[in-house]
Structure formats: structure tokens, C-alpha cells
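Everything on this sheet refers to the single structure shown next.
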């Protein structure tokens with residue numbers, strides 16, 4: 001059994017999401033041969049050299065799962081594209097390129113975060129190309145920590161404001177991109193996150209049936225895609241209620 005998740009946006013301010021993720025690691029993920037995290041795992045990441053105690057605790061939890069025998073694969077999202085080799089080494093996970101083709105029970109499956117499919121959002125695509133440039137990444141990683149914190153806050157604030165202003169079809173994937181990239185990589189199944197619109201879309205590419213699976217974001221509930229010999233099952237799950245404090 002294989003599990004895929006994305007868009008947890010982990011941060012200290014959302015202990016409910018953190019608790020649900022740790023529960024997943026201690027529960028279902030222990031039975032999985034692999035766990036794939038397809039981007040925006042953290043709400044923000046300014047560099048492996050700037051890990052907070054909270055982020056270190058998440059890193060340690062991943063390491064414990066990895067040491068138990070579950071392989072962990074991590075892909076960059078638009079919020080945590082500065083996650084690097086040092087974090088992955090400590091966490092015991094493998095950094096996946098976006099996009100990547102993997103084999104699930106004999107079927108090639110294309111995995112992506114999903115932001116690169118939103119080609120109608122021209123201003124974002126321009127920013128993405130700039131930020132993902134190796135020279136830009138080198139400069140960003142070598143800025144003073146205070147500057148990186150300020151820049152991350154600015155980018156998050158602007159992203160939220162622009163997302164609210166833009167039409168839904170602009171911030172969603174470009175329909176024409178889906179068959180194009182699936183044909184380019186020779187797959188009949190695409191799995192991605194980013195859009196926060198969980199669904200399994202049935203497609204027709206040429207004369208073949210295909211599908212696009214969109215993972216859900218973790219906000220009021222969690223989402224996970226389970227893959228096994230019977231196929232793909234996308235389902236939400238409720239967060240466990242917070243522990244009640246004893247009275248008196």
C-alpha cells in the first residue's frame with residue numbers, strides 16, 4: 001500500500017494539522033511501503049539552516065517513520081521550494097523532481113505539485129521561473145536569516161492577496177496542459193496537489209481512458225490518496241479532537 005498527501009502547510013499556528021499528520025505517521029503510514037508528499041508540506045521554508053524547533057520535530061517524526069521501513073518521498077511546492085538535501089538527509093526522505101514518473105503496481109504514474117500546470121496565471125509563472133532559477137536559489141539561501149524571514153512573509157501575503165483577486169479559472173490548472181504533459185510523459189494517470197480542489201477526473205486522451213487525481217489540502221480535514229492492488233482511493237478524514245484537559 002502506498003500513501004500520497006500534499007498541501008499540509010504545516011506551521012506552529014495549526015497544531016490540529018500537525019497532530020493529524022503525526023497520527024498518520026504513527027498509524028496508517030506504518031503499514032505503507034511508501035509515503036509521497038507532493039509539495040507545500042510546510043507553510044514556509046526559508047532554508048535548511050534555519051530550522052525551528054517545530055520543524056525539527058517534524059523532521060524527527062519523518063526519520064522515525066523512515067527508520068521503521070516506510071520509504072518517504074518529498075516534492076517541492078510553491079511554499080517550500082527551498083527545502084534542501086540537508087533536511088532530506090536528516091528526515092530520511094528522498095527529494096523528488098517535479099515532475100516525476102513512478103511505478104505504482106506496474107503502472108507508470110506522473111507526480112507533480114501542480115503549480116506549473118496553472119499556465120494562465122502569467123504573473124505567478126514568471127515569479128516561479130525566477131525563484132526556481134539555480135542562481136536565484138543560491139542568492140536566497142545566502143541572504144541573512146532576518147531578510148529571508150521578511151521576504152517569506154511578503155511573498156505569502158502577496159500570494160494570498162493575488163489569489164483572492166484572480167478569477168478561479170486562472171488559479172486552477174490550464175485544461176490543455178493536462179493531456180499535453182500526460183502524453184509527453186506517456187502516462188494514463190496524473191496525481192498532483194496545489195489547487196486545493198480534491199477530485200478524481202476521468203479523461204480521454206486520444207483513444208485511451210485516463211485520469212487526473214487532485215489531492216486535497218489539509219485545513220478542516222485531512223486528505224490522503226491510497227494506492228494498492230485494487231487501484232486509487234482518494235478520501236478525506238477528520239482530525240482527532242484535541243485532548244481534554246483534566247479539571248481540578
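Just so it is clear, glycine is given a Cβ too, placed from its N, Cα and C backbone atoms.
Per Swiss-Prot, Mn(2+) 1 binding site is recorded for 7, 9, 40, 196, and the stated evidence type is sequence analysis. For residue 196 (Mn(2+) 1 binding site), other Cβ atoms within 10 Å of its Cβ number 19.
Here Swiss-Prot flags 40, 78, 113, 194 as Mn(2+) 2 binding site, drawing on sequence analysis. Proximity of residue 194 (Mn(2+) 2 binding site) to non-local residues of its own chain (separation of 6 or more, Cβ distance below 8 Å) is seen for 6, 7, 39, 40, 77, 78, 113, 114, 115, 117, 118, given in sequence order.
Annotation comment: Swiss-Prot describes 78, 79, 121, 159, 163, 166, 194 as substrate binding site, evidence class sequence analysis. Around the Cβ of residue 121 (substrate binding site), the number of neighbouring Cβ atoms within 10 Å comes to 22.
Take the mean position of the Cβ atoms of 40, 78, 113, 194, the recorded Mn(2+) 2 site; other residues of that chain with a Cβ within 8 Å of it are 6, 7, 38, 39, 76, 77, 79, 114, 115, 193.
The Cβ of residue 79 (substrate binding site) has 25 other Cβ atoms within 10 Å, all protein chains considered.
Long-range Cβ contacts of residue 9 (Mn(2+) 1 binding site) within its own chain (separation 6+, distance under 8 Å): 17, 40, 42, 43, 79, 217, 218. Comparing the binding-site residues 78, 159 on other C-beta atoms within 10 angstroms of each C-beta gives the minimum for 159. Annotation: 40 carries the greatest number of neighbouring Cβ atoms among the binding-site residues 7, 40 [cut-off 10 Å, Cβ to Cβ]. Take the CB of residue 113 (Mn(2+) 2 binding site) and look out to 10 A: across all protein chains shown you find 25 other CB atoms.
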